[in-house]
Structures are given as C-alpha cells and as structure tokens.
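Novice: One structure coming up, written as structure tokens, with questions to follow.
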Amino acid sequence: MCGILAVFGCADNSQAKRSRIIELSRRLQHRGPDWSGLHCYDDCYLAHQRLAIVDPTSGDQPLYNEDKTVVVTVNGEIYNHKELREKLKNHQFRTGSDCEVIAHLYEEYGEDFVHMLDGMFSFVLLDTRDKSFIAARDAIGITPLYMGWGLDGSVWFASEMKALSDDCERFVSFLPGHIYSSKQGALRRWYNPPWYLEQIPSTPYDPPLLRTAFEKASVLKWIENWKKKDSDRKKEGYTSLERSNIIYCIHIPKAVLKRLMTDVPFGVLLSGGLDSSLVAAVASRYLVESKVACQWGSQLHTFCIGLKGSPDLKAAREVADYLGTRHHEFYFTVQEGLDALEEVIYHIETYDVTTIRASTPMFLMSRKIKSLGVKMVLSGEGSDEIFGGYLYFHKAPNKEEFHQETCRKIKALHLYDCLRANKSTSAWGVEARVPFLDKEFINTAMNIDPEWKMVRPDLGRIEKWILRNAFDDDKKPYLPKHILYRQKEQFSDGVGYSWIDGLKDHANKHVSDSMLMNASFVYPENTPTTKEGYYYRTIFEKFFPKNAARSTVPGGPSIACSTAKAVEWDASWSKNLDPSGRAALGVHADAYEEADTKPVNLLNGSPQELQESVAKTATVA
C-alpha cells in the first residue's frame with residue numbers, strides 16, 4: 001500500500017503551501033516508507049508516499065505520460081498491467097511500475113478506462129493541458145480514499161482522513177466503484193455488475209467453475225483444449241456447459257495466482273479458518289509454478305496471531321503443517337492489546353466496535369511481519385460477505401433475503417473489513433491483498449442461485465457450503481476435512497475468547513453508568529449503546545473531533561456482524577445486539593451464556609429513550 005494526497009484549486013500556491021502539503025503527506029508515511037514524491041503545477045499538488053512492491057528501483061511516483069502533461073498518483077496494484085501495455089504499444093513507458101499504465105490509458109481513452117483495470121486501486125490524475133482532474137476507487141473499496149473541500153474552494157483527496165481533517169471544512173469517504181470528474185463536477189459509478197441491483201440470480205451451482213474462478217486447478221484438465229476452436233470441441237461431443245467452462249477457464253483471471261505479482265518477500269495471513277486456509281492452500285499448491293518462486297523460494301510463509309491457547313493458533317498450525325508452509329506464530333496478551341488501542345484507532349480511523357476488536361490483533365501481527373522483512377500478504381477477507389458465511393445467515397428466511405443481505409454486505413465492505421485489513425497492515429508498511437474480492441470471482445459467485453448458499457441442516461449444508469464443497473477433493477485434498485468444514489469463527493473471536501471479554505471489562509472500568517445514560521447528549525450522532533462503544537468513541541474523538549470525521553463511520557444495530565436489516569430475521573436478536581459471532585445463540589458452538597447478552601439497565605432507560613423523553617418535555621414547555 002502507498003499513501004496519496006492531492007489538492008486542486010488552492011488559493012495560496014506559495015512555498016508555504018508546498019511545505020504544508022509535504023507536512024500533511026508525511027502523515028501517510030507509515031503507508032509508504034520507501035520514498036516520497038510531490039508534483040506541483042500552478043495551484044495543484046499531487047503527493048505520494050511509496051511502499052515499493054513492484055519495480056522497487058524505478059517505480060517512484062507521481063507517474064507521467066511521455067511528455068509529462070498527464071500526472072497520476074496511485075495507491076494499489078494493477079494485476080493486468082502487462083496485458084494493458086500490449087494495448088498501448090504506441091506509448092513509451094518510463095518505468096516497470098504496474099501503475100504507469102493509468103497515465104497512458106487516460107491519454108488513449110480519456111476518462112472511460114477505469115473498468116479496464118483489474119486490481120485494487122485509488123488514484124488521482126491531473127491533465128495539465130486543461131487543468132482537469134479525475135479520481136477513482138476500485139470496485140469494492142479495498143484501498144481507502146477520502147475526498148474533502150477547503151474553505152478556499154479547493155478539492156482534496158487522500159488515502160486517510162488524517163491528511164484532510166485539519167485543512168478541509170468537510171470530507172467524506174469516496175464511494176467504491178466510482179470516478180470523480182472535475183469536468184462534470186460529480187461522481188459517477190463505473191462499476192456496474194449484475195448483482196449490484198440485488199436481482200435474484202438463477203445460475204445453477206457449478207463447483208468446478210467456482211473453484212476455477214478462485215485458482216487454476218480445473219484449468220489443467222482442459223489445457224489440451226486451449227488451442228482448439230469451439231466448433232471442434234462441439235464435434236468431439238462436449239456439452240454447451242462444458243464448452244462454456246473451457247472458454248471461461250481460458251480467460252478467467254485466477255484470483256489467488258494473479259496476486260502473487262511481487263518483487264518483494266510475501267506470505268499469507270493464516271487464521272486456520274476456511275477462507276485464509278483456502279488462500280494458503282491455493283498459493284502453496286501453485287507457488288512453485290510462479291515467477292516469484294525463482295526469486296523468493298517455493299515454500300510459502302504463513303502468519304498467525306492469538307492469545308496463547310486460542311482456537312486460531314491451533315487450527316492455523318495444523319493447516320501449516322498439512323501444507324508444509326514456513327509458519328510464524330505470534331502471541332499477544334490482553335494487556336498488550338489494550339495498550340495498543342489508541343494507536344489502532346488513530347490508524348484505522350473508526351469507532352466501529354467489531355472493526356476495532358479485529359484490527360488490534362491484526363495491527364500487532366503486521367508489526368511482527370514487517371520486522372521479518374515481509375512487505376506483502378494475502379488475506380481471506382470478503383468470502384463471508386459473498387457466501388453468507390456469518391453465523392446469523394443461519395436465520396435467513398428465504399433465498400431472496402439471503403441474496404439481498406450478501407449484496408448489502410459487499411457494498412459496505414469498504415467501511416468494515418476492507419478498511420480493517422488495509423489500514424491495520426498499512427500502519428506498518430505492509431500491503432494486504434484479498435483474492436476473494438477479485439471482480440471476476442465475485443461475479444461468478446454472486447451469479448449462483450442463492451438457494452445453494454442457504455444453510456440447510458437437513459441436507460448437511462453449513463454456512464459457505466458451496467465454497468467448501470467446491471474445494472472438497474478426495475483425490476488431491478486441499479485441506480483436512482475438519483478444517484474445510486470448520487465452523488465460522490470471526491477473527492476477533494478466534495484470536496482468543498478472552499480478548500473480547502477483556503475489552504468489555506476494560507471499558508467497564510473507564511465508562512460509568514451515568515456516562516452511558518447521557519451518551520445521546522454527548523454523542524447525538526451514532527450514539528454508542530454499550531460502554532465498549534463509548535470508550536472507543538472517546539478515543540476516536542480525541543484524534544478526529546470534526547463532525548465530518550464521525551460521519552464517515554457507519555452505525556445501526558448488528559448481530560454477529562449483520563446489517564441492521566438482517567436483525568429483523570429473529571425477534572430475540574434486538575435484545576442481544578453484539579457483533580461477536582458468539583452472540584449467535586443456538587448457532588455458535590461456544591455462544592455466550594444467555595445472561596451475558598442481556599442489555600445493561602441504564603437506570604431510567606436507554607440513551608435514546610432518555611433523549612426522546614427530554615425532547616418531549618422541551619416541546620411541552
């Protein structure tokens with residue numbers, strides 16, 4: 001990951017302003033500790049803090065077209081940059097950076113090229129010929145981007161809001177899958193997949209096709225057919241479905257393998273759960289064939305963190321032994337996690353409870369990983385949103401609501417798991433890549449009839465059954481059966497159940513009943529309803545006191561990471577609002593005791609009820 005900052009239309013373009021831009025850009029230096037760059041043109045500034053992953057020697061930014069009239073600052077990776085260069089043979093490239101194609105694509109196609117990019121990215125581009133500019137963010141929001149406005153009429157963009165919060169009157173999270181054009185003065189959506197409208201798909205479940213979309217295993221059996229014409233395959237008796245699968249296998253991007261594009265040491269975050277274990281299994285299986293094996297060896301490095309004796313540490317060690325990876329096991333104590341909370345909240349820029357719970361161990365692990373010289377990791381985020389893997393999906397009343405909830409979850413990833421995975425690792429100059437959020441893989445998985453994703457105990461189907469089944473290969477197993485069918489464990493739970501319990505105990509010592517009872521007056525927007533939430537909010541407000549900052553954080557009730565809409569699936573959930581998977585009573589194997597889930601009695605009622613009472617009294621008066 002890198003850090004980008006861009007400012008357009010400053011009233012002041014003096015040396016002092018340049019110094020201020022450099023100062024603000026340095027707030028992002030943790031994201032890109034390898035080099036800094038700044039391009040100034042009249043009242044426009046594009047700054048960059050680089051984490052060198054691809055072409056470390058010549059890929060410093062900002063990047064340019066041939067005559068330097070087009071300038072771009074980019075955070076991210078473009079996995080198909082070599083294919084795009086083939087379309088740009090009449091252009092002269094200055095570096096080996098995967099991101100340089102953006103400047104040339106703009107020169108060739110104007111603003112309508114973002115859909116051609118396969119990767120994770122946030123970028124800002126300046127055309128000095130007319131001083132127009134564009135900004136864009138990847139389809140799902142894997143990389144962060146914020147947009148702000150100054151009192152002098154300036155427009156700002158930055159990877160993290162800490163670079164905007166002091167100088168912008170207002171700032172917002174830039175919407176994923178969108179592009180901003182200064183010519184139009186507005187955002188427009190460039191990413192328009194079929195699932196976005198939440199229409200219910202009807203494509204039958206095809207296990208080999210799903211597996212192929214994630215890696216290249218089933219491509220092998222079709223390899224002899226690659227050069228054949230489709231008409232020849234028809235003569236040889238292939239069905240239309242088989243022929244379409246062959247064609248699909250030829251062109252489909254391999255979600256895991258393409259993310260091995262790196263010129264630096266890398267590894268996999270392995271919790272021992274289904275998703276990270278599949279990423280590790282696929283990467284390990286095909287690493288020997290990849291280019292990076294020649295440079296960094298064919299034994300995969302894997303990393304796990306937890307409290308001693310935690311479920312994740314045990315499962316991850318077993319997976320690592322099975323796959324033969326070089327496994328690195330890190331431990332932390334509850335106190336070490338508590339001591340890191342302020343730093344974590346400063347870096348991840350949220351007060352969302354479940355995000356902070358999970359970000360803290362990931363933040364601590366990333367520091368350890370960086371100390372080993374590793375700069376890039378693969379991670380398993382996104383699978384639970386795509387396949388309905390959270391335990392509350394057990395209560396989905398029908399396939400329509402199941403599918404619509406997965407759509408809502410994917411659309412909100414940039415505010416939760418993508419934010420956590422990116423900022424927790426970037427805090428230490430480590431880049432996290434997420435194969436499950438590959439555009440083509442999402443399209444494949446979200447086009448499956450959701451009836452197949454439903455939890456069906458009568459048919460032996462647990463959460464994410466279709467993914468587990470797709471990789472259930474008795475001839476050449478990817479994982480041990482009990483790992484492949486291990487119950488969903490949220491990361492903040494899996495690192496050790498006493499972690500969340502310790503957080504709650506710590507918050508109880510710092511937040512009194514009266515503080516929580518009056519929370520709606522102190523924090524009228526997104527009012528915290530628990531002492532843990534209140535405690536995080538006080539830390540957040542210390543670093544980011546502006547209303548614009550608190551408005552970037554989502555709110556609403558949640559059960560086991562659900563959206564507010566899904567809370568309606570079970571009437572009892574409204575009395576048991578906790579984002580932990582253990583709040584899914586009757587589903588999680590180690591669920592909370594029922595007494596632990598009862599809401600705190602706030603003397604005269606909840607903060608919301610008290611606020612409404614005071615408002616009613618004021619109205620009468």
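Here the Cβ of each residue, glycine as well, is placed from N, Cα and C on the backbone.
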Novice: Of 24-46, 530-552, 553-575, 599-621, which span is tagged region 'Disordered' by TrEMBL?
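Specialist: The range carrying the region 'Disordered' annotation in TrEMBL is 599-621.
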Novice: What is the separation, in Å, between the Cα atoms of ILE305 (ATP binding site) and CYS2 (active site, for GATase activity)?
Specialist: 25
Novice: Mean pLDDT for the domain 'Glutamine amidotransferase type-2' (2-185), as a whole number?
Specialist: 96
